[in-house]
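Asks: Sequence annotations record features per position, and here TrEMBL assigns compositional bias 'Gly residues' to 1-14. What TrEMBL records for 1-82 is region 'Disordered'. Annotation comment: TrEMBL describes 25-34, 51-67 as compositional bias 'Basic and acidic residues'. The feature transmembrane segment is assigned by TrEMBL to 99-126, 138-155, 167-185, 191-213, 225-248, 268-287, 380-399, 529-552, 564-584, 590-610, 617-637, 643-664.
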Amino acid sequence: DTYTYGGGGQGDGYGYQTDYPPQDEDARSDATEGHDEDDQMYEGEYQGIPHPDEIKAAQRAARAEARKKARSAGEEEEEQLPEQYENIMEDCGHGRFQWTLFVVLGLALMADGVECFVVGFVLPSAEKDMCLSNADKGMLGLIVFVGMMMGAFVWGGLADKLGRRQCLIYALAINCIFAFLSSFAQGYGFFIFFRLCSGIGIGGSVPIVYTYFSEFLQMDKRGEHLSWLCMFWMFGGLYASFVAWGIIPHYGWGFSIGTEFQFHSWRVFVLVAFLPALAALIGLFFMPESPRYLLEVCRHDEAWMILRQVHDTNWKAKGEPERVFTVSQLKMPQENQEDEFIEIQSETGTAFQRFMVRQVTLVKQVMKNMMSLAGPTMRLNGLFLAIIWFTLAFSYYGLSVWFPDMVKYMQFEEYESKTKVFHREKVERFHFNFTLANQVHKEGEYIHDRFSDMEIKSVKFEDSLFENCYFEDVRSTETFFENCTIKNTVFYNTDLWQEKFIDCRMENTTFLHPKKGCHLNFEEENDVLIYMVSFLGSLAVLPGNIISALFMDKMGRIKMIGGSMLVSAGCTFFLFVCFSPGAVITFQCLFYAASSAAWNGIEVITVELYPANKRATAFGVLNGICKLAAIISTFIFSKFVGITRIIPIILSFAALVCGGLLAMKLPETREAILQ
């Protein structure tokens, strides 16, 4: 189970290093001419600062001593592979390659953040464009999380069998295709199906991105740089908020083909929203597969070439191209006999039979890998992680829905408190050509009146009489006629149609060229405050991300998760004293800032607790549990808006406290080597 590289192609090894032949003394590079290596001194030596190479050598010596003790205690020799891989990543260094991969995977994570906001921003417009009922609106809001939950389970499991890069390419491609199609879907059925498929695609980004990136990081860089990577989810929220703010209110940014095909501004936003996923998809074609995955599936030659590519890319960028990748042997896990038997089966029979054997086998392997997460060695930590993921997601996503809905409800209450009420007014032969807004007219009489070229917003006529009246070019929003009598009246080119008249009696009433369907006053309905709340909430994550990145390796993962969740619980408790939209927005920002460190910590420790052959699977299962908590909490919290704030606050507070205290039971992994 050891493969040797080097030796100029001689012996039993692979001759990958023949382009680095030994050089004679007279053939040295001009860059080293005139320098005596024995006389060179590290500039920090004068101050007693150890050289970085000395630090790495000491760390390796300590790990070798621990490994020696483990072998003497009877531990299997297979544990040498993680040690060797860590040493190789230290030799490769952290440089241009990791930063390039950081940007590409960050765009994939940014696409996940955008996906969580898209439906929330387009729903006020789409519900009118597609005439959605309350049940349809609720389903559309939840369907994205359902798709992301399914995608997390599927892609996480496949990434351990097919590869991190390959599965992430498939997932992002599915997201891009169906996000593009959803922007053109005219019916509710097609739109919700395309958003479901889009969610299934992007659901694989989070479990694969963290697994993929962590396997290119050395131990002392892992916590910090995975935390920096989390900032791209914040960038996704900022991007979605900013683009929605700039596009959706402009109703004229679109086109129509007859009356059957409409492409309004919210569809333009859906089209623009999938650009981060497209950019990440293109970038992934230039990135290699994870060598740690390749070693697990015994593709040792490819892994060696990629590790050498990482080494050469980093050291050339640092101005040291003469450094040689000196690894000659790679420790490998033993090949599974079951996999060999499956390979033999997959090479027999017809093409269709071989295809079916491979697919059935793949499903069985993924399911077996998922079931192994409940094994004795991983069961307890897995249960703790599942509870922490669930409690954190339950509070975060539930309050993410509750905050903007609560702000809108407070605005509505304030607006409703200013409603003007008119009793028994009688208006004859009057021309209404101005806006009527926020009014209630009771038992009024309108005779020979003309209503033309006007807007009627949030107006209600109760028990009123309209006789010999004429309505022309009238646009209405939240306007209703209840228990009214309408005689000898004409409605020409208006959106006043059957659903606007409740228990009304009509005599000799005519509707000419009515505007059927649902219509929307975009300037009023898409209030900038909706986008401002989301923008500020996303921006508030920045301080928490910076703090967690700087202190993740100093404080440790456990203290970061537990402390962040307990502080977040304190922020939710103060929501009891919020009685204005400004106060709710302030504590929303504080909650997001405090909880971001917990998200970073739980994602880092999830990567570090599981071995390479189960890492993406475990992350996918836990992320799927996270999305399940999001579905449950958004459904529950939305039901209490306008009824009571006590239950959402108590539920969030209790969940965060339980999760924060339970996090203290997890093992600390900041000095652990990826297994």
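Heads up, the Cβ atoms here are built off N, Cα and C, so glycines get one too.
Curation does not apply to TrEMBL; its annotations are automatic.
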Asks: With a cut-off of 8 Å between Cβ atoms, can you find at least three pairs linking the transmembrane segment (268-287) to the transmembrane segment (643-664)? Only pairs 6 or more residues apart in sequence count.
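Replies: Taking Cβ pairs at least 6 residues apart, the transmembrane segment (643-664) and the transmembrane segment (268-287) are not in contact, as fewer than 3 fall under 8 Å.
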Asks: Could you tell me whether the transmembrane segment (225-248) and the transmembrane segment (99-126) are in contact, taking contact to mean 3+ Cβ pairs under 8 Å with a sequence separation of 6 or more?
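Replies: Counting Cβ pairs under 8 Å, at least 3, so yes.
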Asks: Would you kindly check 167-185, 225-248, 380-399 and say which stretch has the most C-beta pairs under 8 angstroms to the transmembrane segment (590-610)?
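Replies: Out of the listed stretches, 380-399 contacts the transmembrane segment (590-610) most.
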Asks: Taking contact to mean three or more C-beta pairs under 8 angstroms, with sequence separation of 6 or more, is the transmembrane segment (191-213) in contact with the transmembrane segment (529-552)?
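Replies: No; fewer than 3 Cβ pairs under 8 Å.
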Asks: List, by number or range, the same-chain residues at least 6 past the transmembrane segment (617-637) whose CB is under 8 A from its CB atoms?
Replies: 138, 141-142, 145-146, 148-150, 152-157, 159-160, 203-204, 206-207, 210-211, 366, 369-370, 373, 378, 382, 385-386, 389-395, 397-402, 606-607, 609-610, 648, 651
Asks: What parts of the chain pack near the transmembrane segment (380-399), using Cβ distances under 8 Å and only residues at least 6 beyond its ends?
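Replies: Same-chain contacts beyond the flanks: 145, 373-374, 561, 565, 568, 572, 588, 591, 595, 598-599, 602, 605-606, 609, 618, 621-623, 625-630, 632-634, 636-637, 648, 651-652, 655-656, 658-659, 662-663, 665-667.
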